[in-house]
């Protein structure tokens with residue numbers, strides 16, 4: 001037991017708190033938070049950067065702040081904040097009594113707002129070399145991001161309390177790169193194509209009535225392969241609507257893959273699948289030919305025709321939403 005108390009003595013809450021700051025730039029470098037919980041409160045006109053993974057974060061009574069929060073294993077809770085701009089990755093996202101927050105979000109579950117107005121959301125986009133490992137350490141998948149599927153606990157009559165940021169929104173215009181000498185050592189890119197999280201359209205209007213589903217099975221190169229297909233398709237003008245990483249069992253295969261289930265069933269035991277939905281006229285044909293050219297020899301499920309594709313997408317995402325308990 002005495003070891004435990006020594007450990008407690010070593011953790012100074014001040015190292016995991018930003019409180020009562022005004023007009024300051026503060027942050028924590030990679031490795032400095034290391035999965036602890038963090039508290040941000042009563043800050044005004046500050047730039048705050050947590051370049052590490054944490055257990056949970058609460059942000060209370062902050063005004064006119066710009067905030068970057070690296071991967072959070074549990075929840076982030078904003079209370080009584082206003083006029084803040086944020087980049088956040090988390091398992092759960094909640095706000096209460098907030099006004100005018102603009103958030104580039106990666107959230108594994110449905111984001112929830114309560115008694116909050118003027119909220120705007122975009123898809124998380126950010127990169128620095130340590131970020132991929134921090135996502136892993138926080139138990140978050142870069143493919144599970146329901147950033148635009150907001151649940152408003154307290155919708156007003158006829159009032160919409162939230163909306164989406166413009167598609168052209170650039171992270172740096174909202175949360176600029178840190179200027180302090182210490183924090184400048186983090187090698188950040190806000191270039192959308194380098195983002196650790198694939199940028200998805202989410203709930204935005206689709207440009208076409210043709211979508212295509214591609215599903216990668218667990219293996220050493222699953223993430224790299226999925227990213228490669230995303231790059232190939234988006235460079236040709238197709239849009240990535242949504243991505244998902246989820247465990248499938250043999251009995252799920254029939255529901256999702258219909259007639260071709262049998263050829264994929266054995267692959268499901270290796271681990272979770274990664275599914276991508278692309279949208280655009282000709283998406284199915286382009287996706288199939290890209291997979292044939294680039295991934296010959298890798299087993300990948302891909303929609304067969306425009307006619308069956310929308311059913312594939314529905315089948316998969318209905319199944320995934322049930323799995324994730326949405």
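Here the Cβ of each residue, glycine as well, is placed from N, Cα and C on the backbone.
Predicted, not measured: the structure shown is a model, and the values here were computed from it.
Marked as GTP binding site by TrEMBL: 74, 75, 91, 92, 93, 94. Here TrEMBL flags 1-155 as domain 'C-CAP/cofactor C-like'.
Taking Cβ-Cβ distances under 8 Å and a sequence separation of 6 or more, the neighbours of residue 93 (GTP binding site) in its chain are 75, 76, 103, 105, 107, 109, 111, 112. Taking the Cβ of residue 91 (GTP binding site) as centre and 10 Å as the limit, one finds 19 other Cβ atoms among all the protein chains shown. Taken over all pairs of the listed GTP-binding residues (74, 75, 91, 92, 93, 94), the Cα spread reaches a maximum of 11 Å, rounded to the nearest whole number. For the recorded GTP site, residues 74, 75, 91, 92, 93, 94 set the reference point as the centre of their Cβ atoms, and the other residues of that chain within 8 Å of it by Cβ are 56, 72, 76, 77, 90, 107, 109.
Around residue 92 (GTP binding site), the C-beta neighbours below 8 angstroms that are at least 6 residues distant in the chain are 74, 75, 76, 107, 108, 109, 112.
Residue density at residue 94 (GTP binding site): 20 other Cβ atoms are found within 10 A of its Cβ, drawing on all protein chains shown.
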